[in-house]
Amino acid sequence: MGEPGSSETVQEAPPGPGNENGEDKNSDASPETDEVLTHDPGANREVERTEEKTKTKKKKKKKSMNKNKKERLRLERWYKEVLEKTKEQVEGIPEEKLSEMPPEFEVYGFSGDLRPCYVTKQVTVPSEIEKPDYADDGIPVSENDPANRTGQIHVHTPEEIEIMRDVCRIGREVLDIGGKFLKAGATGDEIDRIIHAATIERGAYPSPLNYNNFPKSVCVSVNEVICHGIPDCRKIQEGDIVNLDVSVYKNGFHADLNETYIVGDVDEDAIRLVKTAYECLQQACEMIRPGTMYRDVGAVISRKAAQNGCAVVKTYCGHGVGRLFHTSPSVPHYSKNKAIGIMRPGHIFTIEPMINDGSSWSDALWPDNWTAVTTNGKRSAQFEHTFLVTETGVDILTARKGAPTSKLIWDENAIKR
């Protein structure tokens, strides 16, 4: 979220006294100056202009760095304020209780090393925030309405697209705020409180909250968790890979996106897996244009995953998004699927391939009825964007600030924590 530096211009210094070429006869030239300056006035001025341009670039870079530093400090203060205001979530609970595994897991046979910890109570949303129809009772009535389950893909109007642009921008801001807070030692519960506060500050509702009774405002999926991890009081560890899945609702529309981050020093297999997940989404993005069949997206994803020794989860798929959190079209991420529909301008949907390390795509569900994990305990990674089909191709509505909106570019530094 860096801001551009100053665009101030630097004027050329006037010639020194007693020398029409700009040399000061009363001053001693340094050895460096003696080497550069010539008897050609034009050449001397060119050298001076080059030096001034270099100085200007350095000033701009320094100014940009100062702005970024101020923004980081402001954000760190805000993080502390949010955690202080919401500390009642964990206040008074003994440390051993916070790290204790919920009782429903005591006899569960885990596939990997990850263990759940204490889950704090569900937070409330201010009354002035517009809420989706499931906010109070957990039932997405509109999604379950047969009239909205015909398989017909909605073509968004220009007005609806502008609303989606705004809510997707908010979703991106919220994910970036949560992603910048993520680090070794932070807990999923703290990340949830940060995401919740950032969403509410922007006048939006965190879409996951109470959707089919999901208890939190963000999904935090660590290592072997494929998706829908419930934020708890487990501390993020050095070497973890962590997916944050953010969705927000405002002005009657939802946005949906996620990213997988690598925390501290991770092994090469983790980097390969995370990069593969990104490249799978990258290649799917290249297919988005009018006339593409939705069922064809899965083939390119499966091919890329297999090339890198990975497998595509088949249980979950991309989906239409807008007035409804999940709607048509369905966008399976695996080959030889039976998805229906052809991409048309105005279609808005997510693609979010979940990529398992190794050859097994299978998943299992934890006793919390939400957390999906790999059955062999190997890690899984995922990236997601909300896409708009345009007349000529694609518009990535949830692109990072300053990034292209027509293609995805891998940037490892953007996901390092």
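Please read every residue number as a count from 1 along the shown chain.
Cβ coordinates come from backbone N, Cα and C, glycine included.
The shown structure was predicted, so the numbers you read here are calculated from the model rather than taken from an experiment.
Binding site for divalent metal cation 2 per TrEMBL: Asp256, Glu352, Glu384, plus His319 from the candidate set His228, His319. Together with Asp256, Glu384, TrEMBL lists one candidate of Asp245, Asp265 for binding divalent metal cation 1, that being Asp245.
The number of other CB atoms found within 10 A of the CB of Glu384 (divalent metal cation 1 binding site), across every protein chain shown, is 25. The record gives Asp245, Asp256, Glu384 for divalent metal cation 1. Within 8 Å of the mean position of their Cβ atoms, the other Cβ atoms in that chain belong to Cys219, Val246, Ser247, Leu257, Asn258, Thr350, Glu352, Thr386. Asp245 (divalent metal cation 1 binding site) sits 14 Å from His319 (divalent metal cation 2 binding site), taking the CA atoms of both as reference points. Spatial neighbours are here defined as Cα atoms within 10 angstroms of one another, and by that definition Glu384 (divalent metal cation 1 binding site) has no neighbours among the binding-site residues His228, His319, His326. A coil conformation is recorded for Glu352 (divalent metal cation 2 binding site) in the three-state DSSP classification, outside any helix or strand.
Counting only the Cα atoms, the space from Asp256 (divalent metal cation 1 binding site) to His228 (substrate binding site) is about 13 angstrom.
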